[in-house]
Number of protein chains: 2
Amino acid sequence: MITLLKSSESNFKESFDALLMRGAMDINNVEGRVKELLNAIKTQGQEAVIAQVARFDNWNPKSFLELKITQEEMECAYSNLDSALKNALQLAYERIYAFHAKQKPKTWLDFEDNGNILGQKVTPVDRAGLYIPGGKAAYPSSLLMNVIPALVAGVKEIVVCTPTPENKPNALLLAAMHLCGIKESYKIGGASAVGALAYGVSGQDGIQKVDVITGPGNIYVATAKKLVFGEVNIDMIAGPSEIGILHESTDKAEGNVEYVAWDLLSQAEHDEMASAILITTNESFAQAVAKQIDRLLKTLPRKEIASKSINERGAIIVTQNLEQSLELMNKIAPEHLEVFVDNPLEILPKIKHAGAIFIGENTPEPIGDYIAGPNHTLPTGGSAKFFSPLSTEHFMKKSSIISFSKQGIMQLGKECGILAHTEGLDAHQNAVSIRLKLF
Amino acid sequence: MITLLKSSESNFKESFDALLMRGAMDINNVEGRVKELLNAIKTQGQEAVIAQVARFDNWNPKSFLELKITQEEMECAYSNLDSALKNALQLAYERIYAFHAKQKPKTWLDFEDNGNILGQKVTPVDRAGLYIPGGKAAYPSSLLMNVIPALVAGVKEIVVCTPTPENKPNALLLAAMHLCGIKESYKIGGASAVGALAYGVSGQDGIQKVDVITGPGNIYVATAKKLVFGEVNIDMIAGPSEIGILHESTDKAEGNVEYVAWDLLSQAEHDEMASAILITTNESFAQAVAKQIDRLLKTLPRKEIASKSINERGAIIVTQNLEQSLELMNKIAPEHLEVFVDNPLEILPKIKHAGAIFIGENTPEPIGDYIAGPNHTLPTGGSAKFFSPLSTEHFMKKSSIISFSKQGIMQLGKECGILAHTEGLDAHQNAVSIRLKLF
């Protein structure tokens with residue numbers, strides 16, 4: 001049974017603080033092992049990658065070339081898809097593309113009256129590496145969500161790595177790669193993939209180093225991404241999935257018991273470590289949802305995973321009023337936040353921290369996982385307080401532009417020199433003074 | 001003497017590849033020690049911070065409260081500034097503010113015909129921690145460059161940490177804090193400051209955990225920032241300063257020998273590890289600059305630092321043509337790039353990787369360090385291939401917004417369900433189907 005907490009109870013703060021720790025991953029336990037794997041790849045290249053694939057994916061690549069997925073494999077997988085699925089993937093592709101095109105930042109220049117030009121130039125990275133989980137838990141939707149922002153950004157070289165246990169590629173994933181026009185992909189998983197992308201793998205049929213690595217993965221992948229950060233950029237360090245639902249008591253909302261129950265379960269079924277949290281002002285609604293979850297859980301193919309998540313990490317919190325609900329939800333900063341309130345536009349400005357906000361009863365979280373358009377790669381574990389959804393911007397970077405006119409340097413050079421001198425940097429001062437002919 | 005390389009020589013590739021390694025920081029050497037410092041702060045709080053300040057800054061704070069810089073200290077330092085410096089700081093403040101206001105991202109919503117709303121909400125982080133080097137090498141300009149983007153972003157709580165050797169605060173830094181309206185700052189430096197900001201320090205007069213940490217520092221600070229990344233967001237992992245100058249042979253440009261020499265020296269004087277690299281198509285210009293550097297070096301108060309940088313990490317490269325110069329410079333991806341060519345607008349699109357681009361003879365790099373407006377915190381060591389200058393965006397994060405209408409879910413629900421089912425996620429499918437009344 002899902003835990004019911006009341007904000008009015010004396011031990012509430014303690015129970016709530018425990019919920020805030022939901023996403024804590026102790027990477028210390030795996031860091032040593034991941035470092036070993038990464039170092040082996042850095043120093044031994046192809047040999048190390050082949051050995052790691054053999055060890056973790058349980059097959060023996062005869063050469064590095066055998067790790068490469070061929071165009072024919074991808075094309076063939078795509079042509080074998082049934083047409084309803086093909087259409088659904090195509091529709092998802094188009095909607096995701098359209099949304100990410102809107103968030104693409106643009107170069108701008110600003111002209112000052114004295115002839116100075118200041119601005120910001122936006123450029124795609126040269127080469128992006130995408131990590132996509134494979135095997136049984138292969139998600140073609142994750143491929144779309146990672147490739148499309150890179151395509152919109154204008155990245156010329158996109159390379160995909162995915163684990164392929166027993167050398168049996170997931171046909172759906174291959175099909176999605178074909179749909180996205182992937183030209184370079186490898187059967188490499190886990191920390192090995194992150195190492196191969198971050199450092200490159202030299203030699204014939206090797207892999208060129210990338211500039212940015214994105215994509216979901218388990219704690220080994222997350223740890224490897226953290227370790228190579230700086231060598232390359234990464235999107236974020238993500239943990240188990242989560243949903244927070246903000247519900248206000250109204251007559252109408254009583255009808256949403258089943259919606260809310262399914263939406264909570266849709267996160268719980270992801271992972272035993274997933275969290276599903278409902279915050280409502282209405283205690284009878286809370287109890288109805290708890291009962292409904294119990295009933296629906298039994299019908300799920302993934303009921304073992306979902307039950308463990310609901311029992312150990314799920315919670316329904318009953319508060320005194322909407323203000324309090326909002327305050328608690330902002331502390332949680334959930335990856336996914338559903339809003340079931342009468343006047344969502346009024347509370348939208350008060351929602352400070354969430355990866356994605358789903359508004360109203362017609363917007364179940366899964367619609368955002370697949371087809372709405374925004375990215376489904378979102379900050380977890382409270383990191384929505386400082387991280388953003390995966391976006392076109394993760395595949396681009398900026399350069400400042402400064403062009404001073406003669407008049408500009410004459411106007412500002414003196415003050416610049418004063419500041420440089422104050423900091424004891426004389427060559428800085430002289431580089432300006434020589435333009436002002438102050439020598 | 002600065003090294004002269006010709007792209008036509010047989011060993012050029014080797015020498016050039018060595019230049020590409022310029023920014024490599026081996027954090028492995030310090031990681032163990034930094035981890036110990038961070039863990040001590042995490043587990044022992046105030047006591048550990050006080051002990052570390054005593055050890056590294058050579059004074060004995062009697063209580064945690066004594067680490068706090070008072071409003072009076074900052075105000076007093078400001079009122080003691082001479083008026084020319086006050087004006088220069090004020091002018092810098094205004095120009096930096098104006099530039100960063102232009103780069104502030106905005107929330108947007110997009111309305112689809114069927115009543116769906118998709119969008120992206122931009123919110124400031126709640127609390128930002130800025131690390132500013134102190135003591136002898138205190139740079140008030142770095143304070144401005146870190147505080148102002150946070151102010152523009154709308155961050156409510158900004159906290160500054162700066163090392164204060166022998167408990168002697170740098171008056172200029174205190175004055176700049178007053179100018180920027182800083183309310184909370186501490187005499188804590190190095191990895192200790194990063195730990196205190198990332199984890200918080202509990203107890204009376206303690207420090208609340210922040211959401212993002214920005215600011216320059218030595219290898220201990222850079223390593224600590226990398227280690228706490230994920231716990232908080234960080235701006236980047238920065239190494240020693242660099243300049244690349246792209247020069248094309250023309251009659252006019254011959255006159256720029258002294259400009260180019262001073263500009264190269266203005267980076268070399270920062271740090272023995274700094275790099276100054278000129279790429280030109282004109283060999284006689286190259287030789288003239290080399291001679292000029294030699295002459296000017298002797299006049300510099302910081303000549304020991306600058307000489308070491310120039311001799312060990314500086315280079316002048318002579319190429320066959322501008323295309324080749326551009327290709328090499330894009331591989332270098334310098335922190336600062338100066339462009340001395342006849343038609344800079346023509347080559348601007350071809351510059352792919354640089355932290356900041358300074359165009360024309362009237363734009364010496366130091367103008368960007370102090371007063372032009374764009375940020376002087378820039379990606380180093382080739383990381384301009386994937387990192388961006390410090391900006392307002394580092395202090396903000398985004399949330400996706402999805403609001404589906406009844407019509408919207410009816411139109412897209414089926415395809416969403418197909419994709420969810422394909423991935424084996426039945427609760428996802430059911431959360432949609434229940435809205436379509438498919439049960």
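Every residue gets a Cβ built from N, Cα and C, even glycine.
TrEMBL lists A:Ser241, A:Gln267, A:His270, A:His336, A:Asp369, A:Glu423, A:His428 with the feature substrate binding site. The Zn(2+) binding site annotation in TrEMBL covers A:Gln267, A:His270, A:Asp369, A:His428. The feature active site, proton acceptor is assigned by TrEMBL to A:Glu335, A:His336.
Structure with TrEMBL features highlighted.
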residue: A:Ser241; record: substrate binding site; DSSP (3 states): coil
residue: A:Gln267; record: substrate binding site; DSSP (3 states): helix
residue: A:Glu335; record: active site, proton acceptor; DSSP (3 states): coil
residue: A:Asp369; record: substrate binding site; DSSP (3 states): helix
residue: A:Glu423; record: substrate binding site; DSSP (3 states): coil
residue: A:His428; record: substrate binding site; DSSP (3 states): helix
If you count CB neighbours within 10 Å, which one among the binding-site residues A:Ser241, A:Gln267 has the smallest count?
A:Ser241
Spatial neighbours of A:Glu335 (active site, proton acceptor) among the binding-site residues A:Ser241, A:His270, A:Asp369, A:Glu423, A:His428, defined as Cα within 10 A: which are they?
A:Ser241
Which number gives the other C-beta atoms within 10 angstroms of the C-beta of A:Glu423 (substrate binding site), all protein chains shown included?
19
Surrounding CB atoms that lie within 10 Å of the CB of A:His428 (substrate binding site), all protein chains
28
Over all pairs within A:Ser241, A:Gln267, A:His270, A:His336, A:Asp369, A:Glu423, A:His428, the annotated substrate binders, what is the largest Cα to Cα distance, rounded to whole Å?
56
After the CB under 8 A filter against chain B, the remaining recorded positions out of A:Glu335, A:Glu423, A:His428 are A:Glu423, A:His428
For A:Asp369 (substrate binding site), the nonlocal same-chain Cβ neighbours (under 8 Å, six or more residues apart) come out as A:Ser141, A:His376
What is the number of other Cβ atoms found within 10 Å of the Cβ of A:Glu335 (active site, proton acceptor)?
30
Tell me, if you would, which residue among A:His270, A:His336 (binding-site residues) has the fewest other CB atoms within 10 Å in the structure shown?
A:His270
